[in-house]
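Quick look at what TrEMBL lists:
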BINDING   Cys32, His36, Met81  heme c binding site
DOMAIN    18-104  domain 'Cytochrome c'
SIGNAL    1-22  signal peptide
Amino acid sequence: MKFVQLVCTVALGVAAASPALASEEIIKKARCVACHTVAEKRVGPAYKDVAAKYKGQGDAVAVLSAKVRHGGTGTWGQIPMPPNGTDKISDADLKAAIEWILKL
């Protein structure tokens, strides 16, 4: 019985950790890391800075999704963010990645 409890506890821990790990993998696969890091500005803003800027904004996922899809300039400086289509990151993966970033 204790073994079953241990297995269930470990499985729940892995399941709880999976969204963050999955989102980090999504970000790496989509090559967002070429311009962004979690804690420091690179070419684009750090994910923590993005999270702070959009904290409490109810439409943050939609706003950031549009910025990723269409690209833009001016929000974080003059270096443009190129548009990123569904061939680079699916809508579901984009949503998961943005939700992960906003929780930082």
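Glycine too: its Cβ is placed from the backbone N, Cα and C atoms.
TrEMBL labels come from automatic prediction, so no person has curated them.
Remember, it's a predicted structure, so these values are computed and weren't measured experimentally.
On the structure: features taken from TrEMBL.
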residue : record              : Cβ contacts under 8 Å, 6 or more apart
Cys32   : heme c binding site : Ala97
His36   : heme c binding site : Ile27, Arg42, Val43, Gly44, Pro45, Ala46, Tyr47
Met81   : heme c binding site : Cys35, Gly44, Lys67, Val68, Gly71, Gly72, Thr73
TODO: Sort His36 (heme c binding site) into helix, strand or coil using the DSSP assignment.
DONE: coil
Task: Counts by DSSP class (helix H/G/I, strand E/B, coil) across the domain 'Cytochrome c' (18-104) - done: 46 helix, 2 strand, 39 coil
Task: Confidence summary (mean pLDDT) of the domain 'Cytochrome c' (18-104) - done: 94
Task: Shell of the heme c site beyond Cys32, His36, Met81, same chain only (C-beta within 8 angstroms of their C-beta centre) - done: Ala34, Cys35, Val43, Gly44, Pro45, Val68
Open item on the list: Need one number for the heme c-binding residues Cys32, His36, Met81: the maximum pairwise CA distance in Å, whole number please.
Closed with: 11
